[in-house]
Amino acid sequence: MTKFFDEIYDNIDEKSIMEEDGIYIMKTYGRLPVVLIKGNGMYVEDINGKKYLDFLAGISVNNVGHCHPDVVETIKKQAETLIHTSNIYYIVPQVKLAKKLVELSGLDRAFFSNSGAEANEAAIKLARRYGKNNNIGEGEIITMEHGFHGRTLTTVTATAKPKYQEGYGPLPKGFKYVPFNDLEALKENITNKTTAIMLEPVQGEGGIHVADKDYLKGVRELCDDTNIVLIFDEVQCGMGRTGKMFACENYNIKPDIMTLAKALGGGFPIGATLAKEKIADAFTPGAHGTTFGGNPLACASAYASVSIIENLLENAQKMGEYFTNKLKALKDKYPFIKEVRGLGLMVGMELSFNGGDIVKKMLEKGYLINCTSDTVLRFLPPLIVKKEHIDELVNALDEVFSEMNKNK
Ligand SMILES: *Cc1c(COP(=O)(O)O)cnc(C)c1O
């Protein structure tokens, strides 16, 4: 019954998997030395049976925890029923998921794709087409320094990080970067070419930078005054991560277009672009499309994931506060901790040195954390996290820090 599954997992060992990865996979990822093969709730297990407490959640994908029984059950049932047809036909789980997301977000329509980058591609295309139809700018899109929007040619151009763009020219035209949380800089850079402003309410890859309340309010007002389209990339900070379903709810602000992916599918790949009606209308039949986007299996999994997250928001808020306070207490102990910042369970700890070694030492101890932008330890635990997990993680981090202090 499980012939191919057995074939995949038959006779595997750490060494041969790592070797064959080196032979058969393109070298885009600097992998940590671990082969994870199982997950359950807050924990994952490697090929040698060692358990890890997961405070990264696949970079904010496993928000409902690993292999959540309701997600597993929904995927199984949908897989047995219908995996894929085509967007040429009506798709039941797609309609149900769209309705749910529209009701939760207060936006009007959804377009489904397969990833965050694709969700942003759709947002950019939609904003430009709407702008063209309504004489708003000339297609130029302003994005933020330290932002991240994906790795397709266009989204990597929207991402103001030269390292990610190196060697890929010629890049698409029409992007301009300004400092984040600086309303004056934004105003100065708006011209009659500007069609849209795109930003993450909480920047993830850039090092967990939270938008100031006044700033985001100012950006919204600016867009209201000028008809410029406001796009929020909530691929990382959405789906309950900040203690609200969408990060912008913390600000009582609604964008014109919002993009989602990562935790949306509960681990299954799916992206979504939500928009206000008048903007969504710029996508007419044939204007955009994808083969897999919104397929039955992905949408069923996402429907389950979103429904579970609805009941995890309060925990995310409470645990986010508890966790942040505990990390701030560590900051008082170690002078090399420069800042602890975040919103809900999206938490960063900025160090005065590269955090790569800390991540490796934590891995050896059985904890998954991450370092982004060189010096920022990033914590994105599943939203099911409890105090006891946080206590354990913070104690382990304390140990690693104090060992390091001794060795200096
Ligand atoms: C991860 C991420 C993306 C890209 O998503 P992919 O699924 O990797 O294409 C885009 N925007 C933000 C804010 C992200 O964190």
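Using the three backbone atoms N, Cα and C, a Cβ is placed for every residue, glycine included.
TrEMBL: automatically predicted annotations, no manual curation.
Predicted, not measured: the structure shown is a model, and the values here were computed from it.
Annotated features, as they stand in TrEMBL:
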| type | residues | note |
| --- | --- | --- |
| BINDING | GLY116, ALA117, PHE148, ASP233, GLU234, VAL235, GLN236, THR291 | pyridoxal 5'-phosphate binding site |
| BINDING | ARG151, THR290 | N(2)-acetyl-L-ornithine binding site |
| MOD_RES | LYS262 | N6-(pyridoxal phosphate)lysine |
Please check the binding-site residues GLU234, THR290, THR291 against ligand 1 and give me the ones with CB under 6 A, sequence order. none
If one looks at the chain holding THR290 (N(2)-acetyl-L-ornithine binding site), which residues at least 6 apart in sequence have a CB under 8 angstroms from its CB? ASN87, PHE112, SER113, ASN114, GLU118
State, in Å as a whole number, the widest CA to CA span among the pyridoxal 5'-phosphate-binding residues GLY116, ALA117, PHE148, ASP233, GLU234, VAL235, GLN236, THR291 given in the record. 25
Same-chain residues at least 6 apart in sequence with Cβ under 8 Å of the Cβ of GLY116 (pyridoxal 5'-phosphate binding site), in sequence order, are HIS149, GLY150, ASP233, VAL235, GLN236, THR259, ALA261, LYS262, GLY271
Smallest number of other CB atoms within 10 Å: among the recorded positions ARG151, LYS262, that is ARG151
Between the Cα atoms of ARG151 (N(2)-acetyl-L-ornithine binding site) and ALA117 (pyridoxal 5'-phosphate binding site), what distance do you get, rounded to the nearest Å? 6
